[in-house]
Structure formats: C-alpha cells, structure tokens
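The structure under discussion appears below in the form of structure tokens.
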Amino acid sequence: MKAKVRILDIETGRFLAFISEEDAKNAKLHPGDLVKIETAKRTIYGDVVISKTINPGEIGVTKDILRSYTFSEGEVVNLVPSETPESVRYIRRKMNGQKLKKVEIEAIVKDIVNRKLRDIEISSFVTSLEINGLDMDEIAWLTTAMAETGDMLDIDRKPIMDVHSIGGVPGNKTNILVVPIVAAAGLTIPKTSSRAITSAAGTADVVEVLAPVTHSLDEIKRIVEKIGACLVWGGALNLAPADDLTIKAERALSIDPRGLMLASIMSKKYAMGSQYVLIDIPTGEGVKVEKVEDARSLAKDFIELGKRLGQYVETAITYGGQPIGHTVGPALEAKEALETIIEGKGPGSLVEKATGLAGILLEMGGVAPAGMGKKMAKEILESGKAYEKLKEIIEEQGGDPNIKPEDIPIGDKTYTFVAQTSGYITRIDNKAITAIARAAGAPEDKGAGIMLHVKVGEKVKERDPLFTVHAESGTRLDQAIIQARRMEPIRIEGMVLQRIGNI
C-alpha cells in the first residue's frame, strides 16, 4: 500500500505507524500489527495505530521515528504487513532454557534495534534472561552484537582507558576527579556517562552543571584527540542502541538480569574502543551488590568477559554503605567536586575513592609503578594539574573554564533536620537519601538535593544538624520533608544498644 508521510507532533517512546480506518480495513491491518515502512533507501518497522485524524492514503510518522530516520512531509512510502520475525522463535528457545547460538543472539539484537520486535517481545526476552540466565559465550556474543549494531568510536591516541561504576551509591561524583587525574598523567580516557534513572544524579547530570554534555561522535573524537579526555552523556550517541530498549523493559519489570547488565556495560566500552577498563563495584547495604562474595563473583565475570572482547579489565570492590562526600544532587555534587579539585583536598570518602580508582588506572596504563598509583594520583590532584585538565575539558565541551564553586546556583528553599537525641551515627540509608533528594526535585531541578552534615561513626548531640534539604520550589521542599519524616535516613544510637533483663 502506497501512502504519503504526514509528520505528527507526537512522542510516545515507540515506533508507531498511524493509518486511517479505511486503509486499515483494505489492508486487513489491526491495531498493534507490525508493518514495514519502505522507501528506496531504507526499511523501518512500526506498530499500527488506527486513527480518525489520519486521511486515507496517509501514514502518520511520530517524532520517535524522526529521531532515528529522516522523512519529509508528503514523501511517498510503501506500507507492507510484516510477518513475525524469526528472532521470536529464538526468544522462545531461551524461555525454554536452551543455549542460544551466536547468529540467534545477533538476530535478536538486530531486530530490537530495527524495531522489528515489539515491547512485549523485548520484555519476554529480558524475562527469559532473568529466569534462565546466559553463559559466558552468550554474554560475549550479546556484548559484541549490541556494540556492532550502533556507532563505534575510533580514537588515535592510545592507550584508551575507561572506568565504570555499577552504581547504587548516592553522591558518586568521583569520576569528575578521576578523569582529569588520569588524563593529566598523559593517558587517554573518553568517559561517557548516563543520566539518572532511579538515582538523584547521574554523572552526566552533574557534569552538565559545569559544561554541555551532549556531543556528537565526531565532536568527542576531536575533543579527546586534542586533550585526552571528555565527560559526556552517552545517551546522545548511538552506542549500543539495543541497550536503551532493553533497559525500558528491565525498569518496567523491576529486574536486572546479570548477563544483560554485563553486556550493557561492556558493549559501550567495546564501542568506545576502550583497551583498559576499570569496573567499580560498590558493596554494602542499600546498593546493587550488598555482599562482598557476590561482588567477587561479579568481578570474575567482568574480567572473563573482557578477555573474550580483547580488553584488559580490572575491578575494584569499594565501600558503598553510605553516600560519597557530603552532597547528593547535580549542582550540590558539582560544587563539591569543583571545590575538591581546586583545593586539592576535600571529603575523605571522595578523595580516597577518586585517588584510589585513578591510581589503579595509572598503574594499568603503565605510567605509575605497581603500588604507587594512588600516591601519584594524589600528587596530581594536590598539584593542581587535575584542575587544569578539568578546565580544559570544560572549555572544549563549551563551558566556562573559570567557573567557581560559588557561581553554581543551589536550591534556595531549604530545611534542616536535626538530631532528636545524642549518640553516634550508625547508619545512613542510601535508598532513603536518594528518595528524599528526588522528592526535592533532583535530578530535573539541578539545584535540588541534600547536604549531609554528618557521616557514619561521628558523634552528635541533641539538636545538632544532620542534613539539609535543598529545593527550587516550596512545593518540592514540602514533598521532600514529608518523605524524610516517613523514612529513617540517618540512624543515631548510643553506646548501649539494648538492655536485656531477667526473663
């Protein structure tokens, strides 16, 4: 069926083809059917939506399609019903617990990227991985398939280093220190980061306070080959595009299949051309990996996967039992990171973790002797070389290299929670801190978040400040206060924890 393109000002997060009732009847198409939209140069797939607002002979194309493909108003395309993809049969095989072949995994990933698989089929695939898992062969095939269906970066400056945290710890602005330290030592580190999904601030959200993070692959190549580093948002790039679609299914189902997590992380490192990769695995209460033995098992999988991809991988199991530094939220974290890198000193948890991770990378890259990486990283931080490199990164990405911490606007609607009793801080709940910061408006409101006045192990007196909530509106502040009162974000206990008498 021939149809003229009509561009619709609609965004749904899906590839949809809007057609008239008359055309649907003539073509024997029903809502939700998969169709091919063909031109002389390309074929894409979409789900049928029948609409009275579309005239016979037209096909409505949404912004979602236009973000990936170019169509012009009135362009003539061919609309063809599509059969169920062969990859659906492969998904059923995995649902039945069978091992998939390389070509089968490649077909599934290709069909996800081309939108031949619908949301329910992608969800079935993700669920099958959660239930039946993947062996290391399958994970390696999935990783390369995810990378090779998207763009690949080729940087001439070698060696190429990379670092990734699997997340879960609030206030993790560590890479804003790690990347400049490593680059200042002469290594190349093109760092792509994510925006927050369930956290109060992703690294990209924090960096965006200092400089633009949305750049094309060509711009990234130019920046990195000039100064050796970048801090950009990976979501603006076509890196491992299947990942975004599987993440939607994971989020909806509240699952995170281990094999898919490994492939998701390493496919982006593979696409960036990373040769030496450091994986940070925070461990502790309230993070993704709570037990050290589970962290060690995951570390072995990352290392083995790296070998199969031709990458040298090391892992760092780090303490994740409380937030890093004293701030949570984009602007608050950017301010704290900038203060630390300018002064060459700052909160112990931030400096220790940043120099620890950077030190490992310096040793991996061969610029520091074994066991001396952390010392070298601290020297680079304290000397001001890391700050100078951060200024270069900010300038090349289009920001003001002379920005100062006091220039960063913070939410001016505040409320401080105080200790109701004297004692010692025995616990700071990561999930509660994140929930309160998000209720305050983070990460969408850059100035929203939390300033912690205490850390675990510190002694407090009654009425001492515990944490301050920052918001950009009174309504958001009220929501955060309500959220904080419902939870126990900070626990205070005396030296006597419990009294037990005669029974």
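Placement of Cβ uses the backbone N, Cα and C atoms for every residue, glycine included.
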> To which of Gly168, Gly171, Gly228, Gly310 does Swiss-Prot also attribute binding of AMP at the site defined by Ser194, Arg195, Ala196, Ile197, Thr198, Ser199, Thr203, Ser264, Lys288?
Replying inline: Gly168
> Listed AMP-binding residues Gly168, Ser194, Arg195, Ala196, Ile197, Thr198, Ser199, Thr203, Ser264, Lys288 - what's their greatest C-alpha to C-alpha distance in Å?
Replying inline: 18
> DSSP on Ser264 (AMP binding site), three-state: which is it?
Replying inline: helix
> When the number of other CB atoms within 10 A of each residue's CB is tallied over all shown chains, which of the binding-site residues Arg195, Ser199 has the maximum?
Replying inline: Ser199
>> Spatially, and counting Cα to Cα, which of the binding-site residues is closest to Asp256 (active site, proton donor)? Options: Gly168, Arg195, Ser199.
In response: Gly168
>> Is it possible to get the count of other C-beta atoms within 10 angstroms of the C-beta of Ser264 (AMP binding site)?
In response: 21
